[in-house]
Each structure stands twice: as structure tokens, then as C-alpha cells.
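As given in TrEMBL:
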- 12-59: domain 'Galactokinase N-terminal' (DOMAIN)
- Arg29: site 'Transition state stabilizer' (SITE)
- Glu35, Tyr36, Thr37, Asp38, Tyr227: substrate binding site (BINDING)
- 96-181: domain 'GHMP kinase N-terminal' (DOMAIN)
- Ser131, Glu163: Mg(2+) binding site (BINDING)
- Asp175: active site, proton acceptor (ACT_SITE)
- 289-367: domain 'GHMP kinase C-terminal' (DOMAIN)
Amino acid sequence: MSGTAAATADGFEELYGAAPEGVWAAPGRVNLIGEYTDFNDGFVMPLALPHTTLAAVSRRTDGVLRLHSADSPQGVVRLDAASLAPRSGAGGWAAYPAGVVWALREAGHELGGADIHVTSTVPTGAGLSSSAALEVATAAALNDLYGLGLSPAELAVLAQRAENEFVGVPCGIMDQMASACCAEGHALYLDTRDLTQRQVPFDLVAQGLRLLVVDTRVKHELGDGAYAERRAGCEAGARALGVRALRDVPYAELPDALARLEAAGQPENVIRYVRHVVSDDARVERVIALLDAGEARATGEILLEGHASLRDDLRVSSAELDLAVEASAAAGALGARMTGGGFGGSAVVLAEADAVERVVKAVESAFAGAGHPAPRVFEATPSKGAHRLR
Ligand code: ADP
Ligand code: MG
């Protein structure tokens, strides 16, 4: 039974010959609304999944790092904590936990070595942030064991630095903040400029609703280059508008901003990207207002609008994601949108509890009819962020 603290501790003991000092959990996440906004200093609204990465960890006094994942065929990776170097490519998957050790040391924290064994129920590469779960579980363990006294948000920032600088992936802060800071029964409203956060009640079950995740199990290769291209386009848009980041363009001024970009001869893709980012920031605020008013049902429409914007303006969707959204809506879901970076990965679907079966069947048969691989569909109950299990 992988995925339990006891099994992870047992796995650790088999590998390293002694029980771990403790076991920590950190969840994957889905983002409800606010996509490609986090590198524009904007707003996001993720929730933690019940799927977690568990890290069984013990300290070492000799500065050696031993890293093992039940999901990697690689065996135990052995590194020296003091000589970790960014983007050295050292260790493949192990760069994620090693990067956390590096980032903690870079931040001046006294840290010896560690033995680490991880297991995970977070699907990898599905846009559900298995990478952040792995980083945050590692960071939470080292924070507790070495008595560093860092807050969840501080751990998230260090985990992001590990992924950006050590692994070399230019991700925003949302994934790590979600994995570190989410609360059960809530979505996390996050201002990615100053990391202001608020837990927004999102108890779907009490309202007779369900949130489904459709993992398309497809990942298109163009994703990486497209992310950098969207990011550069957004930065160009902000520069042309004379703002620090697109988050500084109020939604009420969007038509005027778009007209100015056009008059200045900005390329049409930059104009589309600006329209997406500014309108998605506004969608986050609209969703929050509805949730605060106890009107979760009404957020469905906003999810659909968000999907159209990602598909038509940012152009980061895929045939599978569009089909998941269309089939869900046609089967009576309240709303749906792609979530995460796109080009495959996952979609979220909001539905009445009694419509779930119909929606799932509709998505599955639409995928079969289109010749796509069978998607993995599961329910996302808003779960809690990183915590110690034993
Ligand atoms: P996502 O975060 O959306 O799942 P990423 O591409 O950001 O996708 O991260 C996936 C990578 O993270 C994997 O290819 C692997 O290197 C690493 N990873 C995540 N979880 C684990 C795990 N439990 N064991 C080993 N590697 C993992
Ligand atoms: Mg990731």
C-alpha cells in the first residue's frame, strides 16, 4: 500500500536500515481559476488535492544526501549537500529534493545531510504539481527536523527557488504556495505579488456540488517553449503599457489598454495575451465574490469563460482539454476549464453531485469516440497543505 505513512516509513527502513525520524505529506493541487497570471504578479485560486507526496526523512551528520523515490527506477541517489550546484543535471528527479537542500543552504540555514525516501499518489506531469509536492514535502521535513522555524509561505518560496534555479524550470509561485498553505474545505486566494493569502470557503459537498479533475494523460511537447513565449509576450505587453506587471492594468481599463497596444503597433499575440491575463485576474475576483456570497454554482459560467480565454487568446489548450470541457458542459456540468499550463494535462469540472456520473460517462465516451487515450477522472475534495504525519 503506497501512499500511507506506515508504508513509506517501512520503505525507508528497508532502504536505509533504520526507521525514519518522521514522515511528512505535501499535496498536489488544481487551480480553480487564474491561469498564467502568477508570473504577471496576479491572482490565483488553487486548492490542494487529497493526493499527496510523502517523504520519510532522517538527518545525517556527515553532509551526505541519500535520495530515493518509489516511483523512480533510479535507485538511491547519493549527493554531497555542501557541493550541490544548480542545473548540474545531477540526479534526474533527485534534483527537486536536492534543490530544496541547496535553496535552504543558500538562504543561510545550517543543514547537515539527510536520508529521504518518497512515495506519491500525485500523478506526475499531469499539471497537478507533483514537482511542488515533492519539493514542499522535502522542505517541510527539513524545516521540522533541523528546527529552522520557517513558515509555510517561506518554505514555498524556497521550494520555488529550488525549481527555478536548481532544476531550471521557470515556474511561478502558485504550485508551492498551494502545496504548503492550502486548508481543508477551502480554496487559497493568493496575490502572487506580495503573497497575501486568504482561505476562501469552498465546501462543495455541503452545497451538493462536486469538483472533478479530468487528467487527459496527454502531454504535448510544445509546452515548454510555449510557456516561455507567453511569458515574454506578457512582459512585452506590460512594458508597452508602462506598468510593472499586467496585474497593474485594472479590468475596467482593459479596452483602453488594448486600443493603446494596437495603436502602438504591438503584435496581435501580445494583445491577446494581455486580454487573457487581465480578464483572468478579474475572473478570480468574481469567483471569490460568488464563493463569499455562498453562490458556488454561479462560478461555473466563469470557469467556461476562463477556458475560452485560454483556448482563444492565450492558445495553450489542446484538443483533449477542449473536448473534456465541451463534453462536460454538454452533459450538464455547471462549468469546466483547463487547469495548469495546458497543452494536455488536466481540466477541472464543476457539477451538481447528481450529475457526476453522467458527466464522467460523457467525457469518457467523447474521448473514446475521438480516439484519445482514456482520461483519468477523479474527485477533488479541497484538502490540507503540507503537514507532518508521524
Ligand atoms: P507536475 O508538477 O505537473 O506533475 P512537472 O513536470 O513539473 O509536472 O514535474 C514532474 C517531475 O517531477 C517528474 O518528471 C519527476 O522528475 C519529478 N517528480 C515528481 N514527483 C515525483 C516522485 N514522487 N518521484 C520521483 N520524481 C518525482
Ligand atoms: Mg510541476
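Start at 1 and count along the chain as shown; that gives each residue its number.
Note: Cβ is positioned from N, Cα and C throughout, glycine not excepted.
Whatever TrEMBL says is automated annotation, not expert-curated.
Overlay of TrEMBL feature records on the structure.
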residue	record	DSSP class
Arg29	site 'Transition state stabilizer'	strand
Glu35	substrate binding site	coil
Ser131	Mg(2+) binding site	helix
Glu163	Mg(2+) binding site	helix
Asp175	active site, proton acceptor	helix
Tyr227	substrate binding site	helix
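With the fewest other Cβ atoms inside 10 Å of its Cβ, the least crowded of the binding-site residues Glu35, Glu163 in this structure is Glu163. Between the C-alpha atoms of Tyr36 (substrate binding site) and Glu163 (Mg(2+) binding site), the distance comes to 17 Å. Distances between the Cα of Thr37 (substrate binding site) and those of the recorded positions Arg29, Ser131, Glu163, Asp175 are shortest for Asp175. The recorded positions near the residue listed as 'active site, proton acceptor', taking a 10 angstroms Cα-Cα threshold over the set Arg29, Glu35, Ser131, Glu163, Tyr227, are Arg29, Ser131. On the 0 to 100 pLDDT scale, the domain 'Galactokinase N-terminal' (12-59) averages 98 in the predicted structure. The two recorded residues Tyr227 (substrate binding site) and Glu163 (Mg(2+) binding site) have their Cα atoms spaced 15 Å from each other. The binding-site residues near ligand 1, defined by a Cβ under 6 Å from one of its atoms, are Ser131, chosen from Glu35, Thr37, Ser131, Glu163. Only Ser131, of the recorded positions Arg29, Glu35, Tyr36, Thr37, Asp38, Ser131, place a Cβ under 6 Å from an atom of ligand 2. Counting other Cβ atoms within 10 Å of each Cβ, the binding-site residues Tyr36, Tyr227 show the lowest value at Tyr227. Apart from Glu35, Tyr36, Thr37, Asp38, Tyr227, the substrate site neighbourhood in this chain, defined by C-beta within 8 angstroms of the site C-beta centre, holds Gly34, Phe39, Asn40, Gly42, Val44, Gly172, Met174, Arg230, Val277, Asp280, Gly341. Residue counts for the domain 'GHMP kinase N-terminal' (96-181) under DSSP, split into helix (H, G, I), strand (E, B) and coil, are 51 helix, 8 strand, 27 coil. Here the recorded positions are Asp38, Asp175, and the one whose Cβ sees the fewest other Cβ atoms within 10 Å is Asp38.
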